[in-house]
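K.L.:
I'd like to ask you about the structure that follows.
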Amino acid sequence: MKAWKSMSWLRCCMVVVIALCSLHSHAAEDSDSRGALEPLVLDARHGTIQPAHHIALYLEAGAGSPIETIVALPSRFSMAPSDQAFALTEANTLWLRLQLQRTSPSPSSWTLHVPLPYIDSVTLFQKDAKGQWIGHAAGDVTAVSRWARPGLYPEFELQLASTEVVEVFIKVRNYKAVAVPLKLQTAEARESQRQIEFVLIGVVLGTLLMVLGNCCIQYATSKNAIEAYYIAYITISACVVCAITGFAGAFVWPDSPVWTNFAYSAIPIVGAGATVLFTRHVCALHMSFPRFSHALQWYGWLCLPLLMLCAMLDRTTASAFFNIYYAVAGVVVIAAPLLAWRRGDVVGKWLLFAYGPQSVGVMVVAAQGFGLLPPWWQVLHGVVLAIGVSVPLMLHALHLRARARHEAEDRVNALGTQDALTGLLVKPVFLNLVQRAIKRAQRDQEPAAIVLVEVVNHGRLKQLYGEAVAEQCLLRAVVKLHRVLRDVDPAGRVSAARFGMVLEGVSTRQALSERMVSLIASGLIPLPQLKPEVSLQFHIACVMLNESVPNPDTVMGLLSDLLADIAPKSRRPIRFLEHFDTMPASDRSDSGFDAERTASFLATTVQPSHAMTQQLPG
């Protein structure tokens, strides 16, 4: 019995061993099938070609061995997905191995490029005609002028003289994890793509320069410090575009790899801080949300201390701080326009449309830096495109804000000449215009009239309904006054419920009376949106300057006395000034003025006393 049990256990063990061996053999077969590096066929009809599915790679510790050592150790290469993020640091090196074979109809001139302007170093190794391994380096740590094909990002020429399989090795170094997109194109197709890329970058930079020129012109004419702030911000934005696209490294400092490497880390962080400060300034949150506005100001200037991290800390640690700053900046740049839009500021809506895509792109970059999202290399291109799209929207928002600021400044400057409640001229300014009108009538005999209007029931409305309703009634009275005024006719508030007007071009009492009757009739219409119904009662005193020129020092007092003589319920609310002190006739001998003609004019224009008032019907 015991022997039978021992045989059973032995059989079970054998079955397990056989199963494990079978699984191992299948795994080995799968590994062999994946480990077999198949040539990448280059066919010009397929446009841009890139390794699909898997690629042979070897992650080596250190700065990298010589190419002869790497070629002699093919077993160290393993197959991995071509679109994954490789765990690169400053202490290791990534080797990629490719086998290329072009088709016979395809041209022999092919290029390989890595569309990453910020990558530290990419070196392509391939054999020359003598069978020797030749390496060409590109990237931030190598001056662009020393690249085999200078451009915005690493690019190499491939030696494919025949249709045989050609093996190449690519050495990649970077201070942080990155996906390495390998793109292969014919030389002709690649040149067309390069031209398109330069045109698109030129459009974005040209638009920024257009806005910059507009701001410079505005600053030259107005000497406004705000325009200088706009100039600084747009200049920083242009520098950010140049840095992250590789344009600065290719054309601004092609012989300085130190500046190229530093600019990609430093300029974008300054751009993020400037965007926070610019958004705070344009949204004008210091009145509605003072604490949030102060926090934005503090956070925007925080970008300058962060620049010191580039020199004090290693790049990996500094990059982590930068990613945190980018993430928070993206959030607050969206939050500030939302708050401005919520309070009814239309500028907030346009800023949200302008900075929304940029903020999302910056937050995606920050999430990629922390490994929360796959490292899509196209995100930076999307950020550049968002900057280009945002320029006209930002320009429109600037114009709206500038117009609002100018209107506010005009209102502040007009406080000394305009009444704060009604917007009419204050009494001293209006009296000055009255004196000018009288002198002009005396000198040029131009027809005009001076009118003093009083809201008779203002005091009673204030007593019954309060100060707020009384002010609303005054505002409605001013609206009715503007209906009988021309644009060139000045009007002013001479007391709490009295308004003065100078009506140019009015030559007869009948024409003036018709205007005043329409004013009185409009006041009898109940005011809308006021409960109970309220109407306005106007009393009007007038003087015609073409009848006789009054003394400018006493005319307003005489008109006020005339208004005081009108009974509250009088059926004759329009009165004309009959007896007043006149100005002495000016000497017109030099201008050819005829005294007899003046006497005849006055004799024909002065009406009898019974025709000098206007009586309302019923």
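Including glycine, each Cβ sits where the backbone N, Cα and C put it.
Here TrEMBL flags 405-577 as domain 'GGDEF'. If you look up TrEMBL, you'll see 1-27 marked as signal peptide. What TrEMBL records for 198-217, 229-253, 259-278, 298-314, 320-340, 352-373, 379-398 is transmembrane segment.
Can you walk me through where each of these features ends up in the structure?
P.N.:
Confidence annotation: the domain 'GGDEF' (405-577) carries a mean pLDDT of 87 in the model.
Same-chain residues lying 6 or more positions outside the transmembrane segment (229-253) and placing a CB less than 8 Å from one of its CB atoms are 117-118, 140, 144, 150-153, 201, 204-205, 208-209, 211-212, 215-216, 219, 259-260, 263-264, 267-268, 270-271, 274-275, 277-278, 281, 380, 383-384, 387, 398.
Within the chain carrying the transmembrane segment (259-278), a Cβ under 8 angstroms from the stretch's Cβ atoms is held by residues 117-118, 120, 140-141, 143-144, 229, 232-233, 236-237, 239-240, 242-244, 248-249, 253, 296-297, 299-304, 306-307, 310, 315, 318-319, 322, 325-326, 329, 332-333, 355, 358, 362, all 6 or more beyond its ends.
Tertiary proximity for the transmembrane segment (298-314) is limited to same-chain residues at least six positions away from its ends with a CB under 8 Å from its CB atoms, namely 90, 262, 265-266, 269-270, 272-274, 276-277, 280, 321-322, 325, 328-329, 332.
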K.L.:
Are there residues at least six beyond either end of the transmembrane segment (320-340) with Cβ under 8 Å to its Cβ atoms? List them, or say none.
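P.N.:
Same-chain contacts beyond the flanks: 265, 268-269, 272-273, 275-276, 279-280, 283-285, 288-289, 292, 296, 299, 302-303, 306, 309, 313, 347-349, 351-352, 355-356, 358-360, 362-363, 365-367, 369-370.
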K.L.:
Report, as numbers and ranges, every residue of the chain located at least six residues beyond the transmembrane segment (198-217) whose Cβ falls under 8 Å of a Cβ in that stretch; write 'none' if there are none.
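P.N.:
Result: 152, 227, 230-231, 234-235, 237-238, 241-242, 245, 247, 384-385, 387-388, 391-392, 394-395.
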